[in-house]
Amino acid sequence: MSAPCHCQHADDDYSSIKKLSVLSPELQQEFKDPNHPANLICELCRLFYDNNWVTGTGGGISIRDVDGPNPNLVYIAPSGVQKERIQPWEMFLVELPQEKILRTPNDIPKELTKSYKYKPSACTPLFISCYTLRNAGACIHTHSQHAVMVTLFFENEKEFVISHIEQIKALPKLKYNQETGKIEKIGSMEYYDKLVIPIIENTPHEEDLTDSLQEAIKNYPGASAVLVRRHGIYVWGETVWKAKVYNEAIDYLLELAVKMKLAGIPLVKEE
């Protein structure tokens, strides 16, 4: 059975409230909050769809409830659904560090899900890796054409490197703290800095990327993203809004890099 059809922007306030009324009082209270992680995932998925980042059910997003009473709760969009139509009750809820699934959309009344059998996102182990290795507040996975094109232009490279572009300043400057054993933000990148993003090879199945993603995260403590060749990109940040900004800034730089490459302009300016 295909995923239930949730027409984008079609529901008025009354219709939305009517849908929520079939949920438990606890869930009704959760989903009425526009800043609830599940609602933010829906909002961002629509924005990302409009940017051609999550078309054809591709890509995904997850948010850790860093501002909630339990910051170990992670909300993850399901697999195989049209991201621009997603609804808050369709999220999987996972608790760290045991990675215990606390709630699935299959637990929701069938009036909302139309008996559709939801599957966890294949990105789940990769999202979890970003939370455990970087203490991220959110992780975004897109199938951006700019990300794919850059990995094709640099087919034999293991890194994407660019410098002397103003937009680099939107990204964090990170450093490994030997005393704490953690990656810490020490400021923002500067115009003269080199942005380095590791590139890993794609695999037939998304979850098989986990080991190489973890290795890249460990080997590149200054990175906030990992490119997957011929596939897309994973981007994370300390909050969902930081992750959004980093993703937008990186995609801008990737698009610019494609244009620079076509024009024969070096991506790294020598001092």
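Yeah, the Cβs are placed from backbone N, Cα and C, and that goes for glycine too.
Sequence annotations record features per position, and here Swiss-Prot assigns active site, proton donor/acceptor to E166 based on sequence analysis. Look at Swiss-Prot and you will find C123 tagged as substrate binding site, backed by sequence analysis. Summarising the annotation, Swiss-Prot assigns Zn(2+) binding site to H141, H143, H231.
If you draw a 10 Å sphere around the CB of H231 (Zn(2+) binding site), it holds 20 other CB atoms from the protein chains shown. The residues near the Zn(2+) site, meaning same-chain residues not in H141, H143, H231 whose C-beta sits within 8 angstroms of the mean position of the site's C-beta atoms, are G58, G59, T142, S144, A147, V228, G232, I233, Y234, in sequence order.
Candidate recorded positions: C123, H141, H143, E166. Fewest other C-beta atoms within 10 angstroms, E166. For the residue listed as 'substrate binding site', the nearest neighbour among the listed recorded positions (H141, H143, E166), judged by C-alpha distance, is H141. DSSP gives C123 (substrate binding site) a coil state; it is part of no helix or strand. Taking the C-alpha positions, the distance from H141 (Zn(2+) binding site) to E166 (active site, proton donor/acceptor) comes to 24 Å.
Between the alpha carbons (Cα) of H143 (Zn(2+) binding site) and E166 (active site, proton donor/acceptor) lies a span of roughly 24 Å. If you take the Cα of H231 (Zn(2+) binding site) and the Cα of E166 (active site, proton donor/acceptor), they are about 27 angstrom apart, rounded to a whole number.
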